[in-house]
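Okay, handing you the structure first.
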């Protein structure tokens with residue numbers, strides 16, 4: 001190898017130059033002027049925003065919202081808090097399906113029945129008194145009497161009764177008398193069963209022989225969820241949940257305290 005000559009290694013091929021795409025220049029029409037909006041005070045008309053928070057709602061909406069927030073903020077005693085533990089959807093659907101079979105008759109149905117009976121009597125076929133069919137019994141006073149006499153097989157209470165004092169004693173009474181009870185969502189759902197707008201509570205007294213198995217299954221599930229868990233339920237207080245502002249304020253104070261402590265310890 002001759003002196004002064006360096007050994008030549010293999011040359012790496014240079015990276016291919018990235019071919020830049022030539023962007024076509026946007027042709028700006030000079031007739032279209034830019035007029036940016038200024039949303040400062042007293043300037044342009046403001047854009048459409050969601051102003052739900054600032055709407056003056058009707059009184060009944062305000063009250064129900066305030067009630068919901070109070071139930072979260074204040075400490076709710078167990079007797080009232082138990083009404084938040086409603087029956088699960090699947091069991092509730094089965095229960096309502098069964099209850100639908102035992103709806104009481106409407107005014108029109110009663111009128112037609114009595115009319116048919118009167119026509120029979122007028123035709124001289126004799127008036128045979130019919131046996132009363134098993135139906136749901138509704139209303140606080142009726143259900144309370146049935147529970148006290150141990151005639152109710154199952155009691156269904158609405159979770160949103162207002163005022164709650166109307167039914168607050170019922171779970172304790174049912175447990176004392178050994179009657180299975182459950183809390184279901186919606187007084188309107190119970191109301192539909194008995195042809196009213198709303199209903200506080202309904203009770204099963206008797207069912208037909210073909211539905212006894214279905215009722216027994218429901219009673220077993222309900223007893224496990226409510227009657228047997230009564231001691232546990234009456235220990236649970238509700239509410240006492242702070243709002244986002246209070247949580248943020250407390251967090252800020254805690255942060256400041258921690259910072260101060262850190263500087264002291266150095």
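Glycine too: its Cβ is placed from the backbone N, Cα and C atoms.
So Swiss-Prot says this about it:
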- 11: SUMO2 cross-link (CROSSLNK)
- 20: SUMO2 cross-link (CROSSLNK)
- 21: SUMO2 cross-link (CROSSLNK)
- 34: N6-acetyllysine (MOD_RES)
- 48: SUMO2 cross-link (CROSSLNK)
- 97: SUMO2 cross-link (CROSSLNK)
- 97: N6-acetyllysine (MOD_RES)
- 125: SUMO2 cross-link (CROSSLNK)
- 217: N6-acetyllysine (MOD_RES)
- 245: SUMO2 cross-link (CROSSLNK)
Rank aside, I only need the closest one: which of the recorded positions 34, 48, 97 has its C-alpha nearest to that of residue 245 (SUMO2 cross-link)?
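Result for residue 245 (SUMO2 cross-link): the nearest of the recorded positions is 48.
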How many Å lie between the Cα of residue 217 (N6-acetyllysine) and the Cα of residue 34 (N6-acetyllysine)?
74
About how far apart, in whole Å, are the alpha carbons (Cα) of residue 125 (SUMO2 cross-link) and residue 97 (SUMO2 cross-link)?
38
If you compare CA-to-CA distances from residue 48 (SUMO2 cross-link) to each of the recorded positions 11, 34, 97, which comes out shortest?
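The smallest Cα gap between residue 48 (SUMO2 cross-link) and any of the recorded positions is with 34.
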Can you check which residue among the recorded positions 34, 97, 125, 217, 245 has the largest number of Cβ atoms within 10 Å of its own?
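Of the recorded positions 34, 97, 125, 217, 245, the most buried by Cβ count within 10 Å is 217.
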Can you tell me how many other Cβ atoms are located within 10 Å of the Cβ belonging to residue 48 (SUMO2 cross-link)?
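The Cβ of residue 48 (SUMO2 cross-link) has 6 Cβ neighbours within 10 Å.
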List the Cα distance (Å, whole number) between residue 97 (SUMO2 cross-link) and residue 11 (SUMO2 cross-link).
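Each residue's Cα considered, residue 97 (SUMO2 cross-link) and residue 11 (SUMO2 cross-link) end up 85 Å apart.
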What is the interatomic distance between the Cα atoms of residue 11 (SUMO2 cross-link) and residue 34 (N6-acetyllysine), given in whole Å?
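Here the two Cα atoms lie 55 Å apart.
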